[in-house]
Amino acid sequence: MTRIALIAHDETKPELIEFARTHETQLQEYDLIATGTTGKRLLEGTDLEVERKESGPLGGDLMIGAEVAAGELDGIVFLRDPLRAQPHEPDISALLRICDVHDTAIATNLASASFLIEGLAE
Ligand SMILES: O=C(CO)COP(=O)(O)O
């Protein structure tokens, strides 16, 4: 089954929840994982089943990166906050890097997220 991760920083979480609601039918076809707080918000705001990892600043990004390294993930939607620095920036960079190493699809804004979700359906 196609497995994808959903991640958003605090300021972009509302956009991700809205995106997940809009694409809920499609997302139900996927095995979903998320960082801790994003996952909690998805469980509260949608009817999707989501496996929650640790919160991003506590290692959640790295846990998702480990799945990329193990070849277990097909794609990631990661709505980063482009306007605020994050304390765990090294973890975020590591996740982006490991996606490039393994050529794993990662969408970091809503426009590309739509392409990713629809592309993985094909
Ligand atoms: O910080 C994050 C990604 O870098 C997201 O973590 P949370 O979903 O736990 O807020």
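Indices start at 1 and increase along the chain as displayed.
Glycine is no exception: its Cβ is also placed from the backbone N, Cα and C atoms.
Record note: TrEMBL gives H9, K13, T35, G36, T37, T38, S55, G56 as substrate-binding, and the candidate from H23, H88 in that site is H88.
Classification of S55 (substrate binding site) by DSSP places it in coil, neither helical nor stranded. Recorded residues T35 (substrate binding site) and D61 (active site, proton donor/acceptor) have their alpha carbons 7 Å apart, per Cα-Cα distance. With all protein chains in the displayed structure included, the most crowded Cβ environment within 10 Å among the binding-site residues T37, S55 is that of T37. Rounded to a whole number, the C-alpha distance linking T37 (substrate binding site) with D61 (active site, proton donor/acceptor) is 12 angstrom.
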